[in-house]
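Under the heading compositional bias 'Basic and acidic residues', Swiss-Prot lists 164-174. Residues annotated as disulfide bond in Swiss-Prot: CYS109-CYS127. Summarising the annotation, Swiss-Prot assigns N-linked glycosylation site to ASN39, ASN137 and lists sequence analysis as the type of evidence. Summarising the annotation, Swiss-Prot assigns region 'Disordered' to 157-186. The signal peptide annotation in Swiss-Prot covers 1-27, and the record cites sequence analysis as its basis.
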Amino acid sequence: MYSAPSACTCLCLHFLLLCFQVQVLVAEENVDFRIHVENQTRARDDVSRKQLRLYQLYSRTSGKHIQVLGRRISARGEDGDKYAQLLVETDTFGSQVRIKGKETEFYLCMNRKGKLVGKPDGTSKECVFIEKVLENNYTALMSAKYSGWYVGFTKKGRPRKGPKTRENQQDVHFMKRYPKGQPELQKPFKYTTVTKRSRRIRPTHPA
């Protein structure tokens, strides 16, 4: 003969159902938040204050620095070369940047063919890159418009086309370096010498 479930069994079933619903809601919120962060990282931010930095980008492959030579881009610049000094503007709260040559005032951009070019106007999304800090402490720059295409150079300092690049290739790995002659950006640690204060001896007066 069939017996009705006890009140305790019903409560347990309701509790398990409630726990399952909570887990589903938390999972959906986590997914939505990740999507929100990814969208914000890829989107332009015209509200936040932009941060401007000056440094060089040392190419792991060529052993030289990225140069913005007007419309031509290379990675053959020596340390301190005027064409290797880059003004880097943070474009969003995430890690999007625009890179401009300080000397030529041309922007580093990647066109639809994946070729690195210099442009006088950097407002196009082709001139925006997503900055990725890798596990080996190098930095990679992925095109914000053409996902999966990276800034890269050959051993001779020639630009590689975006479709032929991958994040794990040494060709797309760079190290940030401050330009020569800018000690205010790389002040060495200075030790301060502290001398022990000598005890003052009071003069004695005859009674």
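Just so you know, glycine gets a Cβ as well, placed from its N, Cα and C.
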Between CYS109 (disulfide bond) and ASN137 (N-linked glycosylation site), what is the CA-CA distance rounded to a whole number of Å?
24
Other CB atoms, at most 10 A from the CB of CYS127 (disulfide bond):
24
Between CYS127 (disulfide bond) and ASN137 (N-linked glycosylation site), what C-alpha distance do you get in Å?
24
